[in-house]
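Copied over from TrEMBL, here are the features:
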ACT_SITE  Ser41  active site, charge relay system
ACT_SITE  Asp117  active site, charge relay system
ACT_SITE  His150  active site, charge relay system
Amino acid sequence: MRPSNLGATNYQMYDYILNELPDLIEANFPTNGKRSIMGHSMGGHGALVLALKNRERYQSVSAFSPILSPSLVPWGEKAFTAYLGEDREKWQQYDARSLIQQGYKVQGIHIDQGLEDEFLPTQLRTEDFIETCRAINQPIDVRFHKGYDHSYYFIASFIGEHIAYHAAFLK
């Protein structure tokens, strides 16, 4: 399944994930009407933002090695400038840590992070996000894993646990 407006000027990934993709899934597969969301890296950040801004749409959210404060790191600054322009205030509407600071909450957040992830110290800001969540009593479960990096193998090692996590909320 691919977005119907792929290649269009000002393509909207947020709207695709929030609206178009669920409609496609529900039209083509049996569902019970409940939804969860997860992602990896910038996709993990996107999953968190979608869940925080649309709490009523998602029963659960999880992420692998997400970028957690994109407004404050080079990857995020580059992406936000390209997609949203130079206005840093606008960026805050799509920054998971900023949304938590603004009072957005979800039932719980589950994150797995490899300790050998080369991007952990410079791009991901996991510890800052944990502190922000704890400051406003946002439930969060972060598991750090020795010997794992930012790769497919990390995800493949723990994807079953994420599926089980979401399955418990989707019954």
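Backbone N, Cα and C define each Cβ position, glycine as well.
Caution: TrEMBL annotation is automatic and unverified by curators.
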Spatial separation of Asp117 (active site, charge relay system) from His150 (active site, charge relay system) - C-alpha basis, Å: 5
Between Ser41 (active site, charge relay system) and Asp117 (active site, charge relay system): CA-CA distance (Å): 11
Nonlocal neighbours by CB distance (under 8 Å) for Ser41 (active site, charge relay system), same chain, sequence gap 6 or more: Phe64, Ser65, Pro66, Ile67, Phe119, His150
Helix, strand or coil at Ser41 (active site, charge relay system) [DSSP, three-state]: coil
